[in-house]
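A short worksheet on the structure shown next.
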Ligand SMILES: NC(=O)C1=CN([C@@H]2O[C@H](COP(=O)(O)OP(=O)(O)OC[C@H]3O[C@@H](n4cnc5c(N)ncnc54)[C@H](O)[C@@H]3O)[C@@H](O)[C@H]2O)[C@@H](O)CC1
Ligand SMILES: Nc1ncnc2c1ncn2[C@@H]1O[C@H](COP(=O)(O)OP(=O)(O)OP(=O)(O)O)[C@@H](O)[C@H]1O
Ligand SMILES: [Mg+2]
């Protein structure tokens, strides 16, 4: 990865699609992590009742209260409301360098239908998409949303991975053949990049499998996955920009898939930050403590000077 990038590269307007009545922490963690590692602007598209809560966490975030859940929309209004929601996000689309779909999104069917349309628009505009949390629930039931899209990254945790394996490969998770199974899964979804989170993070686009196992944290507080999904866009965009320089056809010319490289960097960044936070906070470590260590972790991996 090039050094000094923080000074020269403008990467980044990131949008997180997530945040509903139940979950306001996850989209905040993802969006603030993007800013903490170098994104210029971080937007959150969430439901109307989640928006004031997320706004109150931080003045740094741009929060759009546009998503709707079934309970707030009458049956006969759904088509019209859906078109409005999709248009609200679409008018911003060309300004975004990457979307993160899923942190704290919830599983409301109407909301997920709208998010499917948003993903189609993003794909149509060639915007990279990181799919996490409830976004993976959506994708497991609607694989066509990401199938064959080289700019899609899926970041399943243990449960989300199990669901993907069951749905796509029609079998159970086989840890004796973890690399082979991950590779088959990525191939079956048309070569998307999958980052399987766990004791070691495994990353594959269906070709080789990379493993990141540098020291993380033994503390498993909720929200660490959200830091990862929020950090990935900046790193993906950075690596993609680097590969595009001087390459007419980056996916052909590059000897490594840039989305895989971005995932390796993201995994190392988070694990290092979690380890730094645990050094001082020990068992009281929370996600906010890890976010505070992202800057130091980034300097260790890729110094600004
Ligand atoms: N503060 C917040 O608002 C948070 C909201 N979240 C959101 O909550 C929604 C559901 O996400 P969850 O992560 O709960 O999804 P899951 O339904 O996949 O549950 C994950 C659970 O699996 C358990 N687990 C972890 N490792 C395991 C292992 N090796 N074996 C067995 N169980 C293991 C953990 O206890 C974890 O709670 C998503 O939208 C997500 O983004 C989470 O991101 C956590 C933080
Ligand atoms: N057993 C483990 N030991 C060390 N690090 C781990 C372990 N499991 C996960 N991690 C690290 O924590 C990160 C988040 O993974 P995790 O499985 O907690 O995601 P998640 O369940 O989606 O989190 P969230 O609570 O944000 O939804 C991974 O990238 C990985 O590096
Ligand atoms: Mg998660």
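Please read every residue number as a count from 1 along the shown chain.
Glycine is no exception: its Cβ is also placed from the backbone N, Cα and C atoms.
Remember, it's a predicted structure, so these values are computed and weren't measured experimentally.
For 104, 157, 158, 159, 160, 161, 162, 163, 226, the entry in TrEMBL reads (6S)-NADPHX binding site. Of all the Cβ atoms in the protein chains shown, 11 others lie within 10 Å of the Cβ of residue 158 ((6S)-NADPHX binding site).
Positions annotated as ATP binding site by TrEMBL: 197-201, 216-225. Long-range Cβ neighbours of residue 219 (ATP binding site) (same chain, at least 6 residues apart, Cβ-Cβ under 8 Å): 274, 278, 282, 283, 285. Residue 219 (ATP binding site) falls outside any helix or strand according to DSSP and counts as coil.
Taken from TrEMBL, the feature domain 'YjeF C-terminal' covers 1-301.
Cβ neighbour count for residue 221 (ATP binding site) (all protein chains, 10 Å cutoff from its Cβ): 17. Here the Cα atom of residue 104 ((6S)-NADPHX binding site) is found 10 Å from that of residue 223 (ATP binding site). In this structure, residue 201 (ATP binding site) is part of a beta strand by DSSP. Each residue in the domain 'YjeF C-terminal' (1-301) has a pLDDT score, and their mean in this model is 93.
Among the binding-site residues 104, 158, 219, 223, 226, the residues whose Cβ lies under 6 Å from any atom of ligand 1 are, in sequence order, 104, 158, 223, 226. For residue 226 ((6S)-NADPHX binding site), the nearest neighbour among the binding-site residues 197, 199, 201, 217, judged by Cα separation, is 197.
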